[in-house]
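**Q** So TrEMBL lists these for the protein:
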| type | residues | note |
| --- | --- | --- |
| BINDING | G73, V76, N80, N338, L467, S471 | Na(+) binding site |
| TRANSMEM | 67-85 | transmembrane segment |
| TRANSMEM | 97-118 | transmembrane segment |
| TRANSMEM | 139-167 | transmembrane segment |
| TRANSMEM | 225-244 | transmembrane segment |
| TRANSMEM | 256-279 | transmembrane segment |
| TRANSMEM | 299-320 | transmembrane segment |
| TRANSMEM | 332-353 | transmembrane segment |
| TRANSMEM | 455-481 | transmembrane segment |
| TRANSMEM | 493-512 | transmembrane segment |
| TRANSMEM | 524-545 | transmembrane segment |
| TRANSMEM | 565-591 | transmembrane segment |
| TRANSMEM | 611-639 | transmembrane segment |
Amino acid sequence: MRKNSKVTQREHTSEHVTESVADLLAHEAPLDYKNSSLNVGGVPGKKIVLEPPENDGRPAWNSKLQYILAQVGFSVGLGNVWRFPYLCQKNGGGAYLVPYFILLVLIGVPLFFLELAVGQKIRRGSIGVWNYVCPQLGGIGVSSLMVCGFVGLYYNVIIGWSIFYFFQSFQYPLPWAECPIRRNGSLAIVEPECEKSSATTYFWYRQTLNTTSTIADSGGLNVKMTLSLLVAWIIVCLAVIRGIASSGKVMYFSSLFPYVVLFCFLVRGLLLKGAVDGIAHMFTPKLEKMLEPQVWREAATQVFFALGLGFGGVIAFSSYNKIDNNCHFDAVLVSFINFVTSILATLVVFAVLGFKANLMNEKCVMENGEKILGYLNSNVLSHDLIPPHVNFSQLSTVDYAEIYAVIKTVKEGSFAELSLDPCVLEDELNKSVQGTGLAFIAFTEAMTHFPASPFWSVMFFFMLINLGLGSMIGTMTGITTPVLDTYKVQKELFTVCCCIIAFFCGLLFVQRSGNYFVTMFDDYSAGLPLTVVVILENVSVAWIYGTKRFMQDLEDMLGFRPHAFYFYMWKYVSPCCLIVLITATVIEMAISPPGYNAWVEELAQERFQSYPPWALAMCFSLIVVAMLPLPVVFIARYFNLMSDGSNKLSVSYRKSMMKDISNLEEVDEARSILGKNPGETPSPKPPSQWYVSIPTGGYAMLNMQYVLV
């Protein structure tokens, strides 16, 4: 028996005892569970085996390290590599880290701790957890499952793209290093679409996606991307088919390997010319940006999605923990690792982008230097404008800036006709690149200039595959765990069926117009529904279940009481922040025209296009379908049209429920165990309860399943 247990405390105190036997049995572990027996109904020879919550047949992690790696793998994903650096660059560089860190402390860590705690206490997936906390808000778990389904459909497509690039990287030179040559008889010309854009852009839009110019033109299936998606789903299926028994082992590699690659890229990137310029640009704070509400909204959204809140994966993973696991330590550790990973990825990205910006700036100087030389030879410009120390064969950026300033001053009236570019390095560094544009265009272009570029390309895309796989395992666990907890279905068969159905649904994203549907699902299927889900999670625990009651549960479970900081965060601060975030998200959606960036082949550029009516209806249908379970389950249970799911609860689940009932009704059967006035009238019993003969002579109510031996 633990030193901090309630029974031990009673030996040193005279406090009034109100716990029920169910409370004691749920929390106090006898020395030998299999040999502990009680006479049932006074019939000799009939014994029961009372298993602790940890031994109720539920799978468990092999080690604490495996569990931490699973949570890290789920929370650290592609967003850390291509979303966080973009937001950092866009929102003030180093200044962006201040609001991000503040909101991580106010929203991220408390809500992450909350999800870990409820999953570990109730030992169920998202559906079972929220059915227990508040049955009328049981739709929270179903909405989480729906969002996981939507996100998993398009997220695995991105893994498919990475798989395609991974296999294409085993070539030298890399296939996106140069524009293809088109043969026209005896003439050899550069592909016009590629010449207007760039080799990496052309390879992405034309040879990888072969994209159409509008979302309305499907263009048929892209065979290469369809095969890549099939491979991605096979990998995911093999990783999760046996639950945490298989996914836990996969996490050892998929969670750790990306850090090896990031450190290798950081060392290599710092040795590149211009890397310091990129990092200095990144961490030069623009403090005025901190006063803009948009910066705080985007920081809150990034914190929200970086930790995987609301998806159900966090709850599912923690439900396989031991009941006394220190989930507070886990919440702080995983949040810290996530933050450090984002900083590490930002350093890598901007070291490489600084190198690329220097290359592009030198190219700009060379091209404009040739223009000036042509103007000098044709007497459009006078040689007197050129400083004597300038050597056009080795024109530096400093010399070009000096020439540019002189010409602009002297030829002020006709300067625009010369079509000269300023070629400022800062302008190149300020070009914001995010998402697929960062990974599949900007990064791939920079890697073509690396020595041994195929090696670095293979490493980079293998890292993306592992980052995506870690997140997909968490997403799939957020789907399979609550369903397997609720219904008796075979785990392997159900997992395979889910992957097959998801593959066929995912064919929507591997059409030639599929990239536009990925953007649509990313914008509409998760943002608002997940924010609503998380605020309802927060409210149901803090205001319906009760923050004080929850804090007491944590003290019983962890052996110590969490700091009062969490009480006030859960009760007041986090709900207020989430309400502001929801309001800002709705306003942003209302004022921003719904649309997508379409690739126009004739212009070889992206152009913003509004969604057609059917696509607009599809956008809002994603939001409605994801949030529909919330009102449906509430209404059904409010009018008693649906069971609260108590008939599907496990032994440990029912023990927890009995504890809460006994605490609320102040049942005093425990007095009889301690020999205090056993003759008092017992509390009224429900008709379905058993009476168990206690060796000390008292009686107790147990609403649980027994194993008769």
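Glycine is treated like the rest: Cβ placed from N, Cα and C.
Each of the listed features needs to be described in terms of its position in the shown structure.
**A** Spatially close to S471 (Na(+) binding site) yet at least six residues away along the chain are G73, F74, G77, L78, Y155, G308, judged by Cβ distances under 8 angstroms.
Long-range contacts of the transmembrane segment (67-85) within its own chain (CB-CB distance under 8 A, at least 6 residues past either end) are made by residues 61, 158, 244, 247-248, 251-252, 254-256, 258, 282, 302, 305-308, 313-314, 317-318, 320-321, 330, 333-334, 337-338, 341-342, 345-346, 349-350, 434-436, 438-439, 464, 467-471, 473-475.
Here the transmembrane segment (97-118) has long-range neighbours at 88, 129, 133, 290, 295-296, 299-300, 302-304, 306-307, 309, 314-315, 318, 327-328, 330-332, 334-335, 339, 343, 534, 537-538, 541, 550, 553-554, 557, 562, 565-566, 569-570, 573-574, 577-578, meaning same-chain residues at least 6 beyond its ends whose C-beta is under 8 angstroms from one of its own.
Away from its own ends, the transmembrane segment (139-167) comes close to residues 78, 125-131, 208, 224-225, 228-229, 231-233, 235-236, 310-313, 436, 439-440, 444, 457-458, 461-462, 464-465, 468-469, 471-472, 475-476, 478-479, 482-483, 502, 505-506, 508-510, 514, 517-518, 521-522, 525-526, 529-530, 532-533, 536-537, 540, 622, 625-634 of its chain (Cβ-Cβ under 8 Å, at least six residues beyond either end).
When Cβ-Cβ distances below 8 Å are used as the criterion, the transmembrane segment (225-244) is approached by residues 59-61, 70, 156-157, 159-161, 163-164, 208-209, 250, 254, 317, 320, 469, 472-473, 476-477, 480-481, 484, 491-492, 495-496, 499, 502-503, 506-507, 509-510, 514 of the same chain, each at least six residues removed from its ends.
Listed as Cβ neighbours of the transmembrane segment (256-279) (distance under 8 Å, sequence separation of 6 or more from its ends, same chain) are residues 69, 76, 341, 344-345, 347-348, 350-359, 425, 429, 450, 456, 459-460, 462-463, 466-467.
Sequence-distant contacts of the transmembrane segment (332-353) (same chain, at least 6 residues past either end, Cβ-Cβ under 8 Å): 68, 71-72, 75-76, 80-82, 84-85, 88-89, 97, 101, 104, 108-109, 112-113, 259, 262-263, 265-266, 269-270, 272, 275, 278-279, 281-282, 306-307, 429, 433, 438, 442-443, 446-447.
Through the fold, the transmembrane segment (455-481) approaches residues 70, 72-78, 80-81, 125-126, 144-145, 148-149, 151-152, 155-156, 158-159, 162-163, 165-166, 169-170, 174, 235-236, 239-240, 243-244, 247, 250-251, 253-255, 257-258, 261-262, 264-265, 268, 308, 311-317, 319, 439, 443-444, 447, 491, 494-495, 498 of its own chain, all at least 6 residues removed from its boundaries and within a Cβ separation under 8 Å.
Beyond the ends of the transmembrane segment (493-512), by six or more residues, the same chain brings 149, 152-154, 156-157, 160, 209-212, 217-222, 225-226, 228-230, 233-234, 236-237, 240-241, 476, 479-480, 483-484, 518, 521 to within a C-beta distance below 8 angstroms of the stretch.
Within its own chain, the transmembrane segment (565-591) has Cβ neighbours under 8 Å at 103, 106-107, 110-111, 113-114, 293, 297, 300-301, 304, 527-528, 531-532, 534-535, 538-539, 541-543, 547-548, 550-551, counting only residues six or more beyond its boundaries.
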**Q** Would you mind listing the long-range same-chain contacts of the transmembrane segment (524-545), meaning Cβ under 8 Å and 6+ residues beyond its ends?
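**A** For the transmembrane segment (524-545), the nonlocal Cβ contacts are 111, 114-115, 118, 130, 133-134, 137, 140, 143-144, 146-147, 150-151, 154, 301, 304-305, 309-311, 570-571, 574-575, 578-579, 581-582, 585-586, 589, 619-620, 622-623, 626-627, 630.
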**Q** Setting G73, V76, N80, N338, L467, S471 aside, what same-chain residues sit with their Cβ within 8 Å of the center of the Cβ atoms that define the Na(+) site, listed in sequence order?
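**A** Apart from the listed residues, the neighbours are V72, F74, S75, G77, L78, G79, S255, P258, T341, G470.
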**Q** Using a Cβ-Cβ cut-off under 8 angstroms and a sequence gap of six or more, which residues of the chain neighbour N338 (Na(+) binding site)?
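**A** Counting only residues 6 or more apart in sequence, the Cβ neighbours of N338 (Na(+) binding site) under 8 Å are V72, S75, V76, N80, A306, L307.
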**Q** Including all protein chains displayed, how many Cβ atoms other than that of N80 (Na(+) binding site) lie within 10 Å of its Cβ?
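**A** N80 (Na(+) binding site): 23 neighbouring Cβ atoms within 10 Å.
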**Q** Got a sec? Which of these binding-site residues, V76, L467, has the most Cβ atoms within 10 Å?
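**A** That would be L467, with the most Cβ atoms nearby.
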**Q** Near the Cβ of G73 (Na(+) binding site), how many other Cβ atoms are there if near means within 10 Å?
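**A** Its Cβ shell of radius 10 Å holds 28 other Cβ atoms.
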